[in-house]
Every structure is written in C-alpha cells, then in structure tokens.
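Asks: One structure, as structure tokens, below. Some questions next.
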C-alpha cells in the first residue's frame, strides 16, 4: 500500500502538458527551521507603540492635516473645465430633492417641517471639508428621523405629562421637541467624533449587510405606518416603545371613518404619478441626461392647486407651516453604518478610497455643528445620493451647490411652500420606501443560500418592527453574534483523502478518484480553536475515546500479568523488556510493565476472554491550515493528543501558522510525549513521512515479526513462540 502511494505521488513529476515538477526534501517544521534561517525581527512592545503615537515630526503633522482635511487632497486634482458644470447640474438636482426630503423627514421626526431644511444645509457644509466620500449626499435619513421621533415623542408626548426638565419651562411643545432632537443629535455627533478620534471605526463591521437589510426593512414599515396619518388626514399622536406600531395601527383603524378624502385622493395621485415616473427614470436612465425630478414637479403642482382651491379652509387639509444618551448611541452607529456603506459603493465605482475613521469624524462634527443650529440627525439617504451621483456629480462641490439651493429656499422662496399639504410629503416618503421594502424579496434567496443569515434578517426585522428600532437593533446584533458563535463552535469538519496522482487533499465524500491509506485519518479543522469548540473537536477526531481504550488496555495488561504470575500463561524463548511511557500506577496513564517480556497486538483475540476495543487508526494527521488562533483553553485541550500517542496512534500537525507555533513553544506545550517533530510544513510532507515509516517497517523488522500465543491444552495455559528476528518493536498476537 505504501509503495502504491509513493508511485501515485510521483506521477506529478512527469513534465508533460500543464504539470509542474517539484523536487525538494521532505520537511518537518524542525527540519525546515534547521535548513532555512529566519530573520530576527525586532517586535515592538506596547511602550514603543505608545511612544510612536505621541511622537510627531513635520511629515506626520502634514499627513495628519491632509487626513483631517480631505478637501485639500481632491481640490488639488480638481478638473475645473471638466467637472464644474457636472457638479453644478448635480448640485441643483440634488438640492431640489434635498428640500423635499428635508421637509418630509422632519415630519417623520415629529418636528416642524422647516427644521428639515436646516438638516439639509448645516451638516453638508462641515462634511464638505472633513468627509472622504465625493458622492454621498449628506442630510436627513428616514431611519434616523424615525429614531429621533421615538425619542422626541417619548420625552414630549402629544398627551400626558412631560419630563420634568428645567430647560422646557416657557417653551411650546414644538420648541421642546426641537430642543430634544437637537440634544440627541449633539450627543450622537459627540459619540461619532469620539469613535473617530479613537480610531474605532471598525465597530461598524459588526453590522453585516444582512442585519442592515433587515433593520432598514423594519424601519421602512415603521415609516410607512407613521405616514398613514398624513395620507389619511387623521389626528394620531406619536407613540414609541415596544409594540408602538401595533398601537398606532389600532388608533388609525379606530378613526378610519374620519379619513379626509381630499388628503387621500391627493396622496394616491401623487404616489401613482411619482411611482410611474421613477420607473421610467430607471428604465431609460441610459438615455436621460438627468432623471426627471418628478417629486419637485408634483410638489409645485400640489402647492399651486392647494393655494388656488384653498385646501386649508375648504377641506381642512393640514399644511406644513402652522435623558437621550442611550438612544444616541444606536443612532450614531446606524447613521454611520448606512453612510459608510453607500460611500463604499461609490468609492469602488469611481476608484478612490474612503477612510472609515475620518468618516466618523466628519459625521460627528457635522451633527455637532448642525445641532447647534437646531437641525436633527444627519446621515445620507440612498435615493438622494443616487441623484447626486447619477446626474454627474464628481466631488462634494455638488453637495455645496445643493446646500446653497436649500439656503435659497429657506431664506427667499420658502413662503411659496406654505400651502403644501402634509399628505403630499407623506406620499413622497411612502413612494421612496420602495427600495427598502423590496428588500423582503431577499429572504427566499437567503433561505436557500445561507440559513443562519436568513435567521438574522428575520429576527432583526421582526424585533425592530415589534420592539422598536433601538431594541430591535440590539436584538439583531445579538442574533448575529450568536450565529458567529455557532459557526465557530460547530464548524463543518471534514476527513480528507489524497486526490490520486497529486499532492492535493480534499474531503473524501466529495470525490471519486481518491486514495486513502489504511489506518490513516486526516482531520481538517476549519476554524479557530478556542474554549467554546475544543471539546467539539476532540469529540469529532477519530470516533473513539483514547482514554477509554487506554483504561481497557491497562486493565488487560494487569490481567495478563496476573495470569503469568499464576502460571496460566506461559512464554517460550528469551525474555526482553518492552518500551513503556510512565511509572504511574494510574489507569488514565500508560502503566509500566517492564517485567513483562511481550508487547500485545491489541487488534487480535486476547486470552481469557479479555475484551479491549480495537483501534483501526495508526496515524492521525491534523490539518491546521485554517486555524487562525488558539487560546489557553485550546492549548490545554490539545494536550489531550498525548492520549492518542499512549494508545500507539502517531499524531502529526500540519500547516500550522508560525505565530501559533511560537505560542505553543512559549506556553511550554511540548513535553516527553508531544514533541515538535510531529509538526510538518504541509499535509503531503506528513503523509510521505508516515508512509515512509510504514515502508521501512514492512521492508525490515516488521516483515516477519509477529509472535503468536496459542492455546496449549496440555499445559492448561498459553504458550508464546519466538521468532529469531524479534525486536522490541515487534507486536504479539494473542
């Protein structure tokens, strides 16, 4: 068998076709280290890192300044003739959309509509200087607006007692709500700024695309329900907290007969027209130089009709003029996560880089600055950013132009929007929810492709709908972390076999043309090994408990010794000592039987009906190529491989990372049983090594070595015959 393995392994040495030739020594980790000297690297201590961090020179100051002011970098390469006109067109288009979304999302945040225009202006100015993305449009984002609304309605409800806050004295309900929104936005900005300065922008990586998708879908449902009161023209007070969406729907259906038909008709017309035109924009976007600004057109028409027919007086249509730290943290995370995700898409598309930590600083400063002027939480809206990019925007000059458009509307022509019905803004918001609501179509795909991800999506979405966005986000994050734990705690382990004629090893269940030497088991560990999964791996290794086998063997050896002492078992031939491991009289350790002149083949029938579990594996190879780290619990658990050695199973560990190997040495992992010589560079090196040992055994002393004990009726016991070429490495069949 070993000879066949060598022949099959050497087939790849034929230099024909697209094959390659490899001739090198067989390497264990020790042999490779002896032959190839390593570079001695000076590893920096924590003290050196701290010292370097606080050591400044002119070059570092310059780089820090450029990093904190990304505008300097892209302004130096700004192509005035090629980019300016595109930025102006993009800025005007984005500005018109920003005006409408600002008004609509302010209502969504339970604030007077005009404060949405502040959010579309002040944060944009700061982001222009500090942001690294050239294409996202900064301003109100519906999910954040809804999260602001939850805080605002909790602290300043439409009905009931208010929070006892000194700053509320003498203020109207609207002014109190603006103060709460500005406060939570200020705290949100502080948290984002602190995270950016502390370089912990990586925290957003814990929000997977699946979690964000489920969360934003739930937010879209909340937004849809919150806009129904405007579309139907009903008076429904804002609610927050768990099951608030159920209570809101209950209040809406109780008053459904009071629906304002003018509001409903206006909303339906707006939604149908805007939806159809948006579909045309998507279908013919390659032919249209600029998407049709249907929201702006319909808003102007609605304003004109409302003014001409005096909707406010004739139809009683409502028009647009007339303790937050816990909530601030999820808002800071969600706002940054969404903005960073959108920015990353456009950065890849237009071939430039963005800095997550700098983005945190930019949004933190933008929200702090905006809160000072009574704007509410800012991030980026997907639809508005798409307008800025698709209309030819090249840099944040387009953002500056959009901010100027908002300023003009705020200061000069805002009075023209006075007769605009709130139902129009509600209809615009609902139509723009299409993208987020359609994410529910991802569920069947996720179920087919990755069920744990599907579970995360469903748990996040349902929890966010029923418990509220803040608690729902926490539940979704918990579900995501649980799936990560389960993936690492119970990974898909596999037993490998050699692909015939190659040095490649694959799962033996997946291929037909494989070669698996008898008695060799190759076990692949596909994840880090740590306290939570070390017992799982030990249970999966070879399908038997080596400690139980060892106990049975020790008991059997004690029984055999007693038989020898009583004369019931007789040995013929010269007596030689056998090698053993320990002097400890403990069934969990190899017992020293130096006084016994034999070694037993444990896979044979034993005398006196002694039963010992058979072990069909003589070599166990652990593939560590996918193991990225070990913790102390894993090191202690891995020490159990000596139990396999005690039951005469050779253990090899292959493809171990250099840092893990260093850790094993530093943690005193090796002893008289577990030696560094069992570590090999590659799986094939270990296979060739153990097959070489088998070849040597078959060609030499093991070719005719087995002593046999047979029953001797006349002696009333057992007799051992002895071969002249017997060595201490021989085995005894009993």
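Even glycines carry a Cβ here, placed using N, Cα and C.
For reference, TrEMBL lists these features for the protein:
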type	residues	note
DOMAIN	510-690	domain 'STAS'
TRANSMEM	84-107	transmembrane segment
TRANSMEM	113-130	transmembrane segment
TRANSMEM	137-156	transmembrane segment
TRANSMEM	290-309	transmembrane segment
TRANSMEM	329-348	transmembrane segment
TRANSMEM	360-377	transmembrane segment
TRANSMEM	397-417	transmembrane segment
TRANSMEM	454-479	transmembrane segment
Asks: Any contact between the transmembrane segment (329-348) and the transmembrane segment (290-309), i.e. 3 or more CB pairs below 8 Å with pairs at least 6 residues apart?
Replies: no
Asks: Which listed range (84-107, 113-130, 290-309, 454-479) shows the maximal number of Cβ pairs under 8 Å with respect to the transmembrane segment (397-417)?
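Replies: Between the stretches 84-107, 113-130, 290-309, 454-479, 84-107 has the largest tally.
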Asks: Mind pulling out the one from 84-107, 113-130, 454-479 with the most Cβ pairs under 8 angstroms to the transmembrane segment (290-309)?
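Replies: Looking at each of 84-107, 113-130, 454-479 in turn, the most contacts to the transmembrane segment (290-309) are made by 84-107.
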Asks: Suppose you look only at the domain 'STAS' (510-690); what would the mean pLDDT be?
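Replies: Mean model confidence (pLDDT) across the domain 'STAS' (510-690) is 81.
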Asks: Counting Cβ pairs closer than 8 Å, which of 84-107, 360-377, 454-479 has the most of them with the transmembrane segment (113-130)?
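Replies: By Cβ pairs under 8 Å, 360-377 leads among 84-107, 360-377, 454-479.
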Asks: Are there residues at least six beyond either end of the transmembrane segment (360-377) with Cβ under 8 Å to its Cβ atoms? List them, or say none.
Replies: 68, 106, 109, 111, 115-116, 118-119, 121-127, 130-132, 138, 140-141, 144-145, 147-148, 178, 181-186, 188-197, 201, 331-332, 335-336, 339
